[in-house]
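**Student:** One structure follows; several queries about it will come next.
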Amino acid sequence: MDIILLGPPGAGKGTQAKRLEQMRGMIQMSTGDMLREAVAKGTPTGLKAKAVMEAGELVSDAIVSALIGERLDNAAEFGAIFDGFPRTGHQAEALEFLLAERGRKLDHVIELVVDEEMLVERITGRFTCANCGAGYHDRFHRPKTEGVCDICGGTEFRRRPDDNEQTVRTRMAEYRAKTAPILPLYEQKGLVRRIDGMASVEQVAAAIDAILDG
Ligand code: AP5
Ligand code: ZN
């Protein structure tokens, strides 16, 4: 099963994608994580992407579509969770092509509907495990044991350089201008399922499970 999790920055896409990986063996395809890895390694893609990401703008369609194309076969068995991709009409077309080439097609586009003002608080309080990437929040989702990752037991955590208020506002404007307009395309195909992204992590997870098992 191949699904898209769609929603603005901080909607909870990464949180839910990681859970689906653990529970179902699906593979999270986060172009944001792929780009951050490229930046950390200093690859040619990373060198191109770094400043664009720090400004909160979108990296080129060609770069992110290539990243997905290189990894899609890893998710052949249990399917992919596209997280943060596609973000433009061109990326949506590229994804359709990449899936069709492999005899696959999208099963669901799950939109996490959220209140944008709350997202600023979510994002500026966010941190992740440096070892396994599990996501946490200063107020909403702390590790069960203080300073220890619930998933892997790691004790080192990180914050993203683009998680400051000004960059978050640019990222939201990019979402409204370039990503939200792809929704009608998926609506026409009857693929869109909307869920309340302001509910708790557990409630959002249950709503996603109901769609995938429905
Ligand atoms: P990317 O990494 O994709 O970032 P994003 O879309 O801005 O999304 P986030 O990772 O910020 O949010 P999320 O929805 O995953 O929320 P999370 O689960 O962490 O992209 C970064 C940049 O890379 C872009 O700006 C762009 O430059 C570039 N890029 C990436 N993909 C691209 C593409 N396809 N094309 C072009 N450029 C691209 O949750 C947020 C916080 O809230 C966490 O702390 C979490 O614990 C908490 N939380 C989650 N769910 C809940 C809940 N239900 N209740 C309370 N708290 C919650
Ligand atoms: Zn961890």
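Note that Cβ sites are derived from N, Cα and C of the backbone, with glycine treated the same way.
Unlike curated entries, TrEMBL annotations are predicted automatically.
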**Student:** Given that TrEMBL annotates Gly10, Ala11, Gly12, Lys13, Gly14, Thr15, Arg126 as binding ATP, state which candidate in Ala66, Ala177, Ala199 belongs to that site as well.
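**Tutor:** Checking Ala66, Ala177, Ala199 against TrEMBL: the ATP site match is Ala199.
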**Student:** Per TrEMBL, which of Arg19, Arg104, Arg171 sits in the AMP site along with Thr31, Arg36, Glu57, Leu58, Val59, Gly84, Phe85, Pro86, Arg87, Gln91, Arg160?
**Tutor:** Arg171
**Student:** Quick one: Cα separation, Gly14 (ATP binding site) versus Phe85 (AMP binding site), in Å?
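**Tutor:** Between the alpha carbons of Gly14 (ATP binding site) and Phe85 (AMP binding site) there are 12 Å.
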**Student:** To the nearest Å, how far is the Cα of Arg126 (ATP binding site) from the Cα of Arg87 (AMP binding site)?
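**Tutor:** Just about 22 Å between their Cα atoms.
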**Student:** Give me the count of other Cβ atoms within 10 A of the Cβ belonging to Cys132 (Zn(2+) binding site).
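**Tutor:** Around Cys132 (Zn(2+) binding site), other Cβ atoms within 10 Å: 13.
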